[in-house]
Amino acid sequence: MNARDFLQDRTAEEAAGVERSADAGRPTARQPRRRAVTSASTSTAQARRQPPARRWTDPPDTLCCGVDEAGRGPLAGPVVAAAVILDPARPIAGLDDSKALTARRREALFDEIVANALAFSIAEATVAEIDTLNILHATMLAMQRAVAGLSMAPGLVRVDGNRCPTLPCASEAVIGGDACVPAISAASILAKVSRDRQLLALDAAFPVYGFGQHAGYGTAQHLAALDRHGPCIHHRRSFAPVRRALGEPCGPTGRGPRRVQTPLDPAWFETMHDVVPRDPFSGKLF
């Protein structure tokens, strides 16, 4: 073999090698199909996890009320609930879950809701009630108070979440309702803005905790202030981080010591509540 033939063979081999390398990086006919199947199966799984959105309409000739709360998770301050009956003749644009809105937008919508709703009511359960009842029952109590405070009686109450308090009318729990039921969105905004305003007032009275920045939630700043200064009268002593700051033992779940809840004296409860004190689930007197 002469030099010319050798070079020709070498060039042909190199060209074939380049082609093989290019083919190696090129998807085969099966690869796109596998990706398509994977994509379809993923979409199917997501569809199972996320049921199709329901169109929430109000029953005819029925006053429908939306209820939501703000402040279940924080370590300080009350839990606030709001109830709203919207006026179909005066729709409010831009209603959404309060957490999805900016503070400025929430404030603007707060004023619109107050001006245009058929009825609204804002109520709360205090820190003392949260520590006495637990946060779930205190939240249900705040919701009961909000509905009881409406200037007109609703025929149907829709509550954000997976459970409803005991009410004198029909009620319906709507998971994610603050994003898909306008009346619940409005209640979410009223509750959130009202509670944030209260925490700003607490921030002025107790500046070392930074309530104006975190609204009572357990941020690193808040926990550090708890360790440094101890809790104030507005901290929830039934919550584990506050108990730890007090040097009190917590139960195995970190939610405070185990205890047996005994019925409370209704006469004592009457002095604390402006609504007849009843179990938020059974409707019976404590």
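Backbone N, Cα and C atoms are what each Cβ position is placed from, and that goes for glycine too.
Nobody curates TrEMBL annotations by hand; they come from automatic prediction.
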Per TrEMBL, member of Asp160, Asp196, Asp203 binding divalent metal cation alongside Asp68, Glu69: Asp160
Most Cβ neighbours inside 10 Å, all chains, among the binding-site residues Asp68, Glu69, Asp160: Asp68
DSSP three-state assignment (helix, strand or coil) for Asp68 (divalent metal cation binding site): strand
Neighbours of Asp68, Glu69, Asp160 excl. site residues, C-beta within 8 Å of centre, divalent metal cation: Val67, Ala70, Ala81, Ala82, Met143, Val159, Gly161, Gly177, Asp178, Ile184, Ala187, Ser188, Ala191
